[in-house]
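Before any comments, here is the structure.
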Amino acid sequence: MSPLPPSAEACRNELLNRLAREAYRHGDFTLASGRQSNHYVNCKPVSLSGSGLALLGLALLKYVEPDAVCVAGLTLGADPLVSAVAMAAAQAERTLNALIVRKQAKGHGTAAWLEGPLPPSGARITVLEDVVTTGGSSLKAVQQLRETGYLVTRVVTIVDRQEGGEEALNAAELELVSLYQLNQVAERARQLETET
(Lines of atoms letter the chains of each structure in order from A and count residues from 1; the text may use other names and numbers.)
(Lines give C-alpha, C1' and ligand atoms only; values in the text may rest on other atoms or scores of the structure.)
Protein backbone atom coordinates (compact mmCIF):
# COMPACT_ATOMS: atom_id res chain seq x y z
CA MET A 1 0.00 0.00 0.00
CA SER A 2 1.42 3.40 -0.99
CA PRO A 3 1.55 6.25 1.54
CA LEU A 4 -1.12 8.90 1.42
CA PRO A 5 -0.19 11.95 -0.66
CA PRO A 6 0.93 14.94 1.39
CA SER A 7 -1.67 17.60 2.06
CA ALA A 8 -1.74 20.77 -0.02
CA GLU A 9 -0.58 22.72 3.03
CA ALA A 10 2.35 20.35 3.61
CA CYS A 11 3.38 20.72 -0.05
CA ARG A 12 3.10 24.50 0.17
CA ASN A 13 5.22 24.57 3.33
CA GLU A 14 7.86 22.29 1.80
CA LEU A 15 7.99 24.44 -1.34
CA LEU A 16 8.46 27.59 0.74
CA ASN A 17 11.29 25.90 2.66
CA ARG A 18 12.95 24.85 -0.60
CA LEU A 19 12.70 28.36 -2.05
CA ALA A 20 14.08 29.90 1.15
CA ARG A 21 17.04 27.48 1.25
CA GLU A 22 17.83 27.05 -2.44
CA ALA A 23 16.50 30.08 -4.32
CA TYR A 24 16.80 33.06 -1.98
CA ARG A 25 19.97 35.07 -1.32
CA HIS A 26 20.57 38.21 0.75
CA GLY A 27 23.29 40.65 -0.37
CA ASP A 28 23.84 43.28 -3.08
CA PHE A 29 22.40 42.33 -6.48
CA THR A 30 21.49 43.84 -9.84
CA LEU A 31 18.21 42.37 -11.05
CA ALA A 32 17.18 41.57 -14.64
CA SER A 33 15.11 44.77 -14.51
CA GLY A 34 18.34 46.73 -13.85
CA ARG A 35 17.25 47.61 -10.32
CA GLN A 36 19.50 47.15 -7.30
CA SER A 37 18.26 44.95 -4.47
CA ASN A 38 19.34 43.32 -1.22
CA HIS A 39 17.20 40.28 -2.08
CA TYR A 40 17.76 37.85 -4.95
CA VAL A 41 15.51 34.95 -5.91
CA ASN A 42 16.65 32.43 -8.52
CA CYS A 43 14.01 29.70 -8.64
CA LYS A 44 15.96 27.49 -11.06
CA PRO A 45 17.70 25.38 -8.36
CA VAL A 46 14.19 24.36 -7.28
CA SER A 47 12.43 24.33 -10.67
CA LEU A 48 15.17 22.24 -12.28
CA SER A 49 15.19 19.54 -9.59
CA GLY A 50 12.80 16.62 -9.91
CA SER A 51 11.24 16.97 -6.47
CA GLY A 52 11.02 20.76 -6.73
CA LEU A 53 9.42 20.49 -10.14
CA ALA A 54 6.82 18.07 -8.79
CA LEU A 55 5.92 20.50 -5.98
CA LEU A 56 5.77 23.46 -8.37
CA GLY A 57 3.63 21.63 -10.91
CA LEU A 58 0.95 20.88 -8.33
CA ALA A 59 1.13 24.31 -6.67
CA LEU A 60 0.91 26.29 -9.92
CA LEU A 61 -1.79 24.07 -11.48
CA LYS A 62 -4.16 25.07 -8.68
CA TYR A 63 -4.22 28.66 -10.05
CA VAL A 64 -4.49 27.93 -13.78
CA GLU A 65 -7.86 29.11 -15.05
CA PRO A 66 -10.33 26.22 -15.37
CA ASP A 67 -11.04 26.98 -19.04
CA ALA A 68 -7.37 27.43 -20.02
CA VAL A 69 -6.18 24.97 -22.65
CA CYS A 70 -2.49 25.89 -22.34
CA VAL A 71 0.06 27.33 -19.98
CA ALA A 72 2.82 29.45 -21.48
CA GLY A 73 5.75 31.57 -20.43
CA LEU A 74 8.83 33.38 -21.62
CA THR A 75 11.93 31.26 -22.00
CA LEU A 76 14.05 30.42 -19.84
CA GLY A 77 12.50 30.86 -16.40
CA ALA A 78 9.10 29.52 -17.41
CA ASP A 79 10.32 26.53 -19.45
CA PRO A 80 10.37 24.00 -16.60
CA LEU A 81 7.22 25.51 -15.08
CA VAL A 82 4.99 25.07 -18.12
CA SER A 83 6.23 21.49 -18.53
CA ALA A 84 5.65 20.67 -14.85
CA VAL A 85 2.13 22.10 -14.88
CA ALA A 86 1.20 20.29 -18.10
CA MET A 87 2.42 17.02 -16.55
CA ALA A 88 0.62 17.65 -13.25
CA ALA A 89 -2.56 18.36 -15.24
CA ALA A 90 -2.19 15.11 -17.19
CA GLN A 91 -1.77 13.20 -13.93
CA ALA A 92 -5.00 14.84 -12.73
CA GLU A 93 -6.66 13.78 -16.02
CA ARG A 94 -6.93 17.35 -17.29
CA THR A 95 -5.88 18.28 -20.81
CA LEU A 96 -3.49 21.22 -20.60
CA ASN A 97 -0.63 21.75 -23.03
CA ALA A 98 2.54 23.82 -22.63
CA LEU A 99 3.89 26.60 -24.84
CA ILE A 100 7.25 28.32 -24.66
CA VAL A 101 7.43 31.95 -25.80
CA ARG A 102 10.76 32.85 -27.38
CA LYS A 103 12.45 36.15 -26.53
CA GLN A 104 12.75 36.77 -30.26
CA ALA A 105 11.42 35.01 -33.32
CA LYS A 106 13.38 31.98 -34.46
CA GLY A 107 15.94 33.08 -37.07
CA HIS A 108 15.36 30.10 -39.35
CA GLY A 109 12.71 27.62 -40.45
CA THR A 110 9.27 28.90 -39.47
CA ALA A 111 10.58 32.01 -37.65
CA ALA A 112 8.21 31.06 -34.82
CA TRP A 113 7.78 32.97 -31.57
CA LEU A 114 5.94 30.07 -29.94
CA GLU A 115 7.03 26.46 -29.42
CA GLY A 116 4.66 23.66 -28.52
CA PRO A 117 1.25 22.40 -29.62
CA LEU A 118 -0.60 25.55 -30.73
CA PRO A 119 -4.26 25.76 -29.73
CA PRO A 120 -6.88 27.36 -32.00
CA SER A 121 -7.15 31.14 -32.11
CA GLY A 122 -9.22 32.55 -29.25
CA ALA A 123 -8.15 29.85 -26.78
CA ARG A 124 -7.48 30.86 -23.18
CA ILE A 125 -3.89 30.59 -21.97
CA THR A 126 -2.53 31.16 -18.47
CA VAL A 127 0.98 32.63 -18.35
CA LEU A 128 3.47 31.26 -15.81
CA GLU A 129 6.50 33.09 -14.41
CA ASP A 130 9.15 32.23 -11.86
CA VAL A 131 9.69 35.71 -10.36
CA VAL A 132 7.80 38.94 -11.09
CA THR A 133 9.60 42.23 -10.40
CA THR A 134 8.39 44.85 -12.90
CA GLY A 135 6.29 42.41 -14.92
CA GLY A 136 8.36 42.95 -18.07
CA SER A 137 8.96 39.28 -18.92
CA SER A 138 5.32 38.39 -18.38
CA LEU A 139 4.15 41.33 -20.47
CA LYS A 140 6.43 40.30 -23.33
CA ALA A 141 5.00 36.77 -23.27
CA VAL A 142 1.43 38.08 -23.05
CA GLN A 143 2.01 40.47 -25.96
CA GLN A 144 3.17 37.65 -28.24
CA LEU A 145 0.30 35.40 -27.19
CA ARG A 146 -2.32 38.11 -27.67
CA GLU A 147 -0.88 39.12 -31.05
CA THR A 148 -1.19 35.47 -32.09
CA GLY A 149 -4.89 35.58 -31.20
CA TYR A 150 -5.01 34.01 -27.75
CA LEU A 151 -6.97 35.18 -24.72
CA VAL A 152 -4.69 35.88 -21.75
CA THR A 153 -6.04 37.38 -18.53
CA ARG A 154 -3.96 35.76 -15.76
CA VAL A 155 -0.29 35.46 -14.84
CA VAL A 156 0.71 33.00 -12.11
CA THR A 157 4.13 33.44 -10.52
CA ILE A 158 6.11 31.58 -7.90
CA VAL A 159 7.37 34.79 -6.24
CA ASP A 160 6.10 38.37 -6.51
CA ARG A 161 8.84 40.80 -5.48
CA GLN A 162 6.16 43.50 -4.98
CA GLU A 163 8.09 46.09 -6.97
CA GLY A 164 5.40 47.28 -9.35
CA GLY A 165 4.85 44.11 -11.35
CA GLU A 166 1.28 43.60 -10.22
CA GLU A 167 0.37 47.19 -11.09
CA ALA A 168 1.97 46.89 -14.55
CA LEU A 169 0.13 43.64 -15.22
CA ASN A 170 -3.17 45.07 -13.95
CA ALA A 171 -2.72 48.02 -16.35
CA ALA A 172 -2.57 45.46 -19.18
CA GLU A 173 -5.82 43.87 -17.92
CA LEU A 174 -4.02 40.94 -16.31
CA GLU A 175 -4.58 39.41 -12.89
CA LEU A 176 -1.41 38.43 -11.01
CA VAL A 177 -1.62 35.40 -8.74
CA SER A 178 1.49 34.61 -6.69
CA LEU A 179 2.32 31.52 -4.67
CA TYR A 180 4.49 33.66 -2.38
CA GLN A 181 5.56 37.24 -1.91
CA LEU A 182 9.22 38.11 -1.49
CA ASN A 183 8.78 39.00 2.18
CA GLN A 184 7.43 35.49 2.89
CA VAL A 185 10.45 33.81 1.28
CA ALA A 186 12.89 36.19 3.03
CA GLU A 187 11.23 35.64 6.41
CA ARG A 188 11.32 31.86 6.00
CA ALA A 189 15.03 32.07 5.04
CA ARG A 190 15.69 34.00 8.27
CA GLN A 191 13.74 31.43 10.30
CA LEU A 192 15.64 28.53 8.76
CA GLU A 193 18.95 30.29 9.34
CA THR A 194 18.25 30.76 13.05
CA GLU A 195 17.27 27.07 13.37
CA THR A 196 20.71 25.90 12.23
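Cβ from N, Cα, C; glycine included.
As recorded in Swiss-Prot:
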BINDING   Arg102, Lys103, Lys106, His108, Glu129, Asp130, Val131, Val132, Thr133, Thr134, Gly135, Gly136, Ser137  5-phospho-alpha-D-ribose 1-diphosphate binding site
BINDING   Thr133, Arg161  orotate binding site
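Features recorded in Swiss-Prot, as mapped to the structure shown.
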residue : record                                              : DSSP class
Arg102  : 5-phospho-alpha-D-ribose 1-diphosphate binding site : coil
Glu129  : 5-phospho-alpha-D-ribose 1-diphosphate binding site : strand
Gly135  : 5-phospho-alpha-D-ribose 1-diphosphate binding site : coil
Arg161  : orotate binding site                                : coil
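All protein chains included, Glu129 (5-phospho-alpha-D-ribose 1-diphosphate binding site) registers 27 other Cβ atoms within 10 Å of its own Cβ. In this structure, of the binding-site residues Arg102, Val131, Thr133, Ser137, Arg161, the smallest number of CB atoms within 10 A of the CB marks Arg102. Glu129 (5-phospho-alpha-D-ribose 1-diphosphate binding site) and Arg161 (orotate binding site) are 12 Å apart (CA-CA, integer value). A count of other CB atoms within 10 A of each Cβ picks out Gly135 as the most crowded of the binding-site residues Lys106, Gly135.
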